[in-house]
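Undergrad: Dropping the structure in here first, questions after.
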Amino acid sequence: MRWLVCLIVSWCSLVPLGATVGQSLNSGDPCQTPSGTAGTCEPVKNCSYVRKILKSPDFSHYDTTYLDTLKCGDLMVPMRKKPIPLLCCPKFSNSPTCGAQQLADRIYFGEETERGAHPWAALLFYNVGRNRTVPKCGGALISERYVITAAHCTVDKPNWKLLYVRFNEFNTSSADNCTTENDEVICREDYAVESIVPHPEYDMHNISRPNDICILRLASDVTFNDYVRPICLPFDPDVQQLPIVDEIFTVTGWGETEDRRPSDTQKHVELPGLEHEACNSVYAVANVTLSDKQLCIGGLNGSDSCRGDSGGPLMREVRGGWFLIGVVSFGARFCGTQNLPGVYTNVAKYLDWMETVMFVERYL
């Protein structure tokens, strides 16, 4: 803590208080960073984004210059000669169009998902060797540039190379990139992956798979439309505090079906939430210990997420919008086994880390 205070004092003494980007706001006022990200004008102590930059062992003159561009005003404090600089603290927020299901009636219990029903669903394609490119995991679009998936989809197979993320996949066995429905031409959309950031505490050798979450930054922005749009993240405390047990959640993906073969088409299934303690007792026989950062969902005979669904979204509908609640992590060896639920990474527990990755690592 003393080191952080020293860094803050040093930075404040290095940055001319008059060197601003033309803003003169009050604490708590909305602002915009030079990159166009919405934020709030805050003192350094209230902005975890800035504090993490200051605490970086690689803090440099470049970072000082960058922090100077964030200055948005001054805070006058009684008994203090110099004002406290206010910085535009970026806030990650959901897209206004997130979670909207514009099209389609839903078809449940492992049936095909109608086009546009879950437009945030992503399919990850890998080079697995011998010039073979195949889909192996799922993901969920959360903004124009970022996709959430499971860490084991990027860490556990070091010989696999993640090539691109596909949206609006209608049939993996079809060679046609576009199809026509009701006189409308609808095409697959592929985006190269610029960077892969698995959670730093994920351990591929831990069979309990804690921290099984990963952020993919795409090489270019995704253009939203009726068939490709982001899902909402559970920033709202009211969403985070909703009950889990006996509530209904939806999983979507292209994983194995009841005949043990990958599905050519996107499917989804509805599953109930379970007591955490009960789930822990079920998996204890396999020496698996689950934390409060994991969710237990399912355990119905014949209905489950499965191999190939890994990294895909666990969703719930709240007030007409869809929220990303979990990420498919692991389950029983034989999918859909009665009383053996699937395990999912609890997204709400990782929102702070996600903000750090999406904002801080862009500049350090």
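Just so it is clear, glycine is given a Cβ too, placed from its N, Cα and C backbone atoms.
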Undergrad: If you have Swiss-Prot open, could you say which of CYS6, CYS89, CYS98, CYS137 makes the disulfide with CYS47?
TA: CYS89
Undergrad: Swiss-Prot pairs CYS88 with one of CYS31, CYS98, CYS137 in a disulfide bond, so which one is it?
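TA: The record-listed partner cysteine is CYS31.
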Undergrad: Let me spell it out: for each of the recorded positions (ASN46, ASN171, ASN206, ASN287, SER310), count the other Cβ atoms within 10 Å of that residue's Cβ, using every protein chain shown. Which one has the most?
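TA: Answer returned by the neighbour count: SER310.
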Undergrad: If we check Cα distances from ASN206 (N-linked glycosylation site), which of the recorded positions CYS31, CYS41, ASN46, ASN177, CYS279 wins as closest?
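TA: Closest by Cα distance to ASN206 (N-linked glycosylation site) among the recorded positions CYS31, CYS41, ASN46, ASN177, CYS279: CYS279.
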Undergrad: Among all protein chains shown, how many Cβ atoms are found within 10 Å of the Cβ of CYS296 (disulfide bond), not counting that one?
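TA: Summing over all protein chains shown, CYS296 (disulfide bond) has 26 other Cβ atoms within 10 Å.
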Undergrad: Could you tell me the mean pLDDT over the domain 'Clip' (30-89), as a whole number?
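TA: The average pLDDT of the model in the domain 'Clip' (30-89) works out to 85.
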Undergrad: Taking the Cβ of ASP212 (active site, charge relay system) as the reference point, list residues of the same chain whose Cβ is under 8 angstroms away and which are at least six residues distant in sequence.
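TA: The answer is ALA150, ALA151, HIS152, HIS199, TYR202, VAL327, SER329, PHE330, THR345.
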Undergrad: Tell me, which recorded positions from CYS31, ASN46, ASN171 are within 10 Å of CYS153 (disulfide bond) if we use the C-alpha atoms?
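TA: So the list is empty; none.
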Undergrad: Name the one residue among ASN171, CYS279, ASN287 whose Cα is closest in three-dimensional space to that of CYS89 (disulfide bond); these are the recorded positions.
TA: CYS279
